[in-house]
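Have a look at the structure below, then the notes.
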């Protein structure tokens with residue numbers, strides 16, 4: 001299979017959704033559509049990255065994102081290396097900059113990086129010659145998650161512009177929320193964040209979103225309900241009285257889903273905490289797109305890898 005799309009991303013790295021134009025996003029989504037179809041065929045291989053080296057460098061635990069990037073790279077023909085941080089020099093006191101310079105000396109073409117500190121991926125990108133993809137940095141951004149969410153929405157609703165998207169839960173600690181807000185605003189959606197005051201960033205309205213502090217108001221008229229998990233690993237205090245009380249007020253069950261439009265669809269970036277932010281009946285119900293999001297993730301990451309590879313020397 002040869003891509004029909006001639007889209008070239010005018011960036012060396014993908015560090016965030018911020019800085020991407022609507023045309024950039026549309027180009028990546030259109031290219032992703034080709035990979036959705038390819039991934040449903042028996043032969044899923046392409047040779048776009050043949051001879052290229054992709055290093056996955058994850059400083060935080062990941063199941064979906066890391067395995068998705070690994071599969072994407074291999075299906076495109078790359079030599080993929082997963083670097084284990086638990087056994088790396090980082091654990092022995094090496095700085096991130098030294099790690100970047102060491103890796104750069106091995107001439108990787110693409111680095112896929114997840115790090116617990118906001119801005120760490122951008123710092124690393126300044127020190128390497130290849131392309132860098134942000135697979136999530138602290139509470140800052142997670143660009144490929146926002147892209148796969150956008151692809152999922154577009155395939156099911158036919159558009160993004162004009163839709164009402166309610167992002168519910170722990171917005172304060174969520175890089176997924178930030179990237180989605182930027183992308184959805186860029187593409188003309190109407191974005192609403194929903195959650196208790198303790199889990200909403202101060203001044204979030206400045207990002208161009210509506211704010212609701214209860215689910216009835218927040219889900220009213222929503223086309224898409226995007227749930228977020230409580231990110232306890234980023235919390236250094238008590239943000240909710242208890243998980244059971246949180247579920248009573250902000251967990252998505254069938255009753256609360258009824259506040260949204262009758263044809264509203266449910267999304268979640270995973271991993272889910274069933275019975276905390278989402279009820280099993282909703283997560284596995286007919287309005288759920290959660291499994292489809294995982295499928296779209298591989299296609300989007302293949303598209304991002306190809307788009308960046310087109311900018312590499314001798315591409």
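A Cβ is built for glycine as well, from the same backbone N, Cα and C atoms used for every other residue.
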Matching residue for the carbamoyl phosphate site, where Swiss-Prot names 64, 65, 142, 145, 270, 271 - out of 40, 114, 190, 310: 114
Those binding-site residues listed as 64, 175, 229, and which of them has the most Cβ atoms within 10 Å of its own Cβ: 175
Sorted by sequence, non-64, 65, 114, 142, 145, 270, 271 residues with Cβ within 8 Å of centre, carbamoyl phosphate: 62, 63, 135, 136, 176, 269
Fewest other C-beta atoms within 10 angstroms, as judged across 270, 271, which are the binding-site residues: 271
Secondary structure of residue 114 (carbamoyl phosphate binding site) (DSSP, helix/strand/coil): strand
Conformational class of residue 175 (L-aspartate binding site) under the three-state DSSP mapping: helix
From binding-site residues 65, 114, 145, the one whose Cα lies nearest residue 175 (L-aspartate binding site): 145
Inter-residue Cα distance where the pair is residue 229 (L-aspartate binding site) and residue 270 (carbamoyl phosphate binding site), in Å: 8
